[in-house]
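A.B. asks: Checked TrEMBL, it gives:
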{"type": "BINDING", "residues": "D6, C7, G8, N9, T10, N11, T12, V13, T132", "note": "ATP binding site"}
{"type": "BINDING", "residues": "G107, P108, D109, R110, T184", "note": "substrate binding site"}
{"type": "ACT_SITE", "residues": "D109", "note": "active site, proton acceptor"}
{"type": "BINDING", "residues": "D129", "note": "K(+) binding site"}
Amino acid sequence: MLLAIDCGNTNTVFSIWDGEKFLATWRASTEHQRTADQYYVWLSTLMQMQKLDVTITEVIISSTVPRVVFNLRVFADRYFNTRPLVVGKPECALPVDVRVDAGTAVGPDRLVNTVAGYDLYGGDLIVVDFGTATTFDVVASDGAYIGGVIAPGVNLSLEALHQAAAALPHVDVTKPANVIGTNTVACMQSGVFWGYVGLVNGICEQIKAERDRPMRVISTGGLAPLFQQGHALFDKFEDDLTMHGLTVIHKYNKENPAL
Ligand SMILES: Nc1ncnc2c1ncn2[C@@H]1O[C@H](COP(=O)(O)OP(=O)(O)O)[C@@H](O)[C@H]1O
Ligand SMILES: CC(C)(COP(=O)(O)O)[C@@H](O)C(=O)NCCC(=O)O
Ligand SMILES: [K+]
């Protein structure tokens, strides 16, 4: 049984994959101080509560936070007696090329999304991931990651407004009824919501123009459905795109041990 771990700057998602389907998925906030023992207490409790009596034999990790990887490695080694595959490390081969400037360390989540998008839809894709940051990953016709765009995340933008301006409250993102807000909260929500619709539209259109070809736009991340509502920003929404990519990369490395 495979344990796939997707660690973002805000949340860390753990999924158990039986080779055909995910048996369970759990989410914890990302905290680099969390130890291997703490991960185990948390995970084994959830497994017991779900009466999931399985043996984890393999672990794959993608982490946008480098310093959590140490404790996750100890966790895999101590409790599952396995050396985890860590995306972005030389020993983890990818089934696609990465064509970026020399010396660039691409976020592993973006590589995993590229692999997942290519596996599900083929090439000429834009993958939009609404995480702490909102990333656009451009996938060439042969599946290569050829770069993209990093924009501030939706919640980060709202939080920045609240932090920087004394009179602006903390608000949650939602789709406002009108563009013209008639109170402070509605004005802030409008700025972020409609600003984001424009950002996503504009960036995707410019990427397509720069590539000079039609491209499919795939979205992932909890906030993607909010932006899809009535705006047809994306051709497809994939809830567990990153997790799917982790299983594809794991399989590829198992089938190509010499890589
Ligand atoms: N369904 C949702 N509704 C509202 N906010 C969400 C939802 N899912 C995630 N978020 C928020 O979106 C932000 C990004 O979350 P996540 O995708 O887990 O980020 P990361 O992968 O960078 O850790 C966080 O602020 C999180 O609280
Ligand atoms: C852009 C990111 C911060 C997004 O991370 P996330 O929002 O998933 O936590 C991450 O992919 C990252 O740290 N990238 C490194 C730089 C790059 O991808 O070019
Ligand atoms: K992410």
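A Cβ is built for glycine as well, from the same backbone N, Cα and C atoms used for every other residue.
Automatic, uncurated: that is what TrEMBL annotation is.
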A.B. asks: Residues other than D6, C7, G8, N9, T10, N11, T12, V13, T132 within 8 Å, Cβ to Cβ centroid, of the ATP site?
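C.D. replies: Other same-chain residues with Cβ inside the cutoff are T30, T64, V65, G131.
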A.B. asks: From the Cα of D129 (K(+) binding site) across to the Cα of R110 (substrate binding site), what is the distance in angstrom?
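C.D. replies: With distance taken Cα to Cα, D129 (K(+) binding site) is 8 Å from R110 (substrate binding site).
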A.B. asks: Please classify the secondary structure at T10 (ATP binding site) using three-state DSSP.
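C.D. replies: Going by the DSSP assignment, T10 (ATP binding site) belongs to neither helix nor strand, so it counts as coil.
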A.B. asks: Of all the binding-site residues given, G8, G107, P108, which residue's CB has the most CB neighbours within 10 A?
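C.D. replies: Selected residue: P108.
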A.B. asks: To the nearest whole angstrom, what is the C-alpha distance linking T132 (ATP binding site) and T184 (substrate binding site)?
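C.D. replies: Computed Cα spacing between T132 (ATP binding site) and T184 (substrate binding site) is 24 Å.
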A.B. asks: Listed binding-site residues are D109, D129, T184; which of them have CA atoms within 10 A of the CA of D6 (ATP binding site)?
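C.D. replies: Among D109, D129, T184, the ones whose Cα sits within 10 Å of that of D6 (ATP binding site) are D109.
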A.B. asks: Return only the integer: C-alpha distance in Å from G8 (ATP binding site) to D109 (substrate binding site).
C.D. replies: 8
